[in-house]
Structures are given as C-alpha cells and as structure tokens.
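Engineer: Dumping what Swiss-Prot says about this protein:
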DISULFID  Cys78-Cys125  disulfide bond
DISULFID  Cys90-Cys132  disulfide bond
REGION    16-30  region 'IgE-binding'
REGION    29-34  region 'IgE-binding'
REGION    64-78  region 'IgE-binding'
REGION    65-73  region 'IgE-binding'
REGION    95-103  region 'IgE-binding'
REGION    102-114  region 'IgE-binding'
REGION    104-115  region 'Immunodominant epitope. IgE-binding'
REGION    105-117  region 'IgE-binding'
REGION    107-110  region 'Minimally required for IgE-binding by the immunodominant epitope'
REGION    112-126  region 'IgE-binding'
REGION    125-136  region 'IgE-binding'
REGION    125-139  region 'IgE-binding'
SIGNAL    1-15  signal peptide
SITE      Glu113  site 'Necessary for maximum IgE-binding by the immunodominant epitope'
Amino acid sequence: AALLVALLFVANAAAFRTTITTMEIDEDIDNPRRRGEGCREQIQRQQNLNHCQYYLRQQSRSGGYDEDNQRQHFRQCCQQLSQMDEQCQCEGLRQVVRRQQQQQGLRGEEMEEMVQSARDLPNECGISSQRCEIRRSWF
C-alpha cells in the first residue's frame, strides 16, 4: 500500500511539472556590441569617422584653423568613437590616418603629429584608457 501511495505521489508530481521560460528584452538594439556588428559596419555607421578626420587634419596643421570648429569636431569625433567597440575605434582611427595620408600626402612632422593625436583620441575622449597602435610604417 505504501508503494502504491509513493507511486501515485510521483505520478502526480510529474503531471504538474512546471516549465519556466525566460525572455531577454533587448532595449539597446542600436548598440553595436549587442548586434555583433563587425568593425567595417561600425565604422561605416559612424560615417567613416568623418569628424575624427576633420579634427585630426586640423591638429596636424600649425595654425590656420578655427578653434571653435576644432572643438566641435573633437566632441563629435568622441561621440562617433563612443558608439563603437574598443577594437573598432582603433581600426577606424588607423583608416582615418591612412586616408589622410593618401588624400593629403602628409609626410614627416605633419604625419607624426596626426599619428600621435590619433593614438590618444579614445583616451582624450574619456571613453577608453587604451592607446591605439598606429605605426607610421603602416602608411
């Protein structure tokens, strides 16, 4: 009789098994880290870091630029970088420097100034403590 009661108890418990389903609601759908977007897509989404390009171009020139305009490009560059994964920030900045070198034919001291500024941009923006690895020999 005790065996029959135990079997009934087990059968009854099995009949009332509960299934719990959890769902994660992704409210941050615009965040590239959540979408698993690659660097190329992130860079394109940020207009190829056009504000970083303007800012770095002004940084590499001695004088002859509007300081308010430069600050605005710096802020917008930081905004663009903040929307990207850390490793993509550096890749994007390498592309900016490469593009500037090709378009403007930068050499010597101007090129060195641009490379130095680009290396430190994520840190200067306060979005990363990293220093991007950008070598002049790559260009």
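Backbone N, Cα and C define each Cβ position, glycine as well.
Note that the structure is predicted; figures quoted are calculated from it, not measured.
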Engineer: With helix taken as DSSP H, G or I, strand as E or B and everything else coil, how many residues of the region 'IgE-binding' (95-103) land in each class?
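Structural biologist: Per DSSP, the residues of the region 'IgE-binding' (95-103) fall into 9 helix, 0 strand, 0 coil.
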Engineer: Give residue numbers and ranges for long-range contacts of the region 'IgE-binding' (105-117): same chain, 6 or more residues beyond its ends, CB-CB under 8 A.
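Structural biologist: Answer is 55-57, 59-61, 97, 134-136, 139.
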Engineer: Using DSSP, how many residues of the region 'IgE-binding' (105-117) fall into helix, strand and coil, respectively?
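Structural biologist: Here the numbers are 10 helix, 0 strand, 3 coil.
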Engineer: Can you check which residues sit near Cys78 (disulfide bond), meaning Cβ under 8 Å from its Cβ, same chain, 6 or more apart in sequence, and list them in order?
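Structural biologist: Sequence-distant Cβ neighbours: Leu121, Glu124, Cys125, Gly126, Ile127.
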Engineer: If you run the three-state DSSP split on Cys78 (disulfide bond), which class comes out?
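Structural biologist: SS state of Cys78 (disulfide bond) = helix.
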Engineer: Taking each of the disulfide-bonded residues Cys90, Cys125, Cys132 in turn and counting other Cβ atoms within 10 Å of its Cβ, which one has the fewest?
Structural biologist: Cys125
Engineer: Including all protein chains displayed, how many Cβ atoms other than that of Glu113 (site 'Necessary for maximum IgE-binding by the immunodominant epitope') lie within 10 Å of its Cβ?
Structural biologist: 16
Engineer: Rounded to an integer, what is the Cα-Cα distance in Å between Glu113 (site 'Necessary for maximum IgE-binding by the immunodominant epitope') and Cys90 (disulfide bond)?
Structural biologist: 16
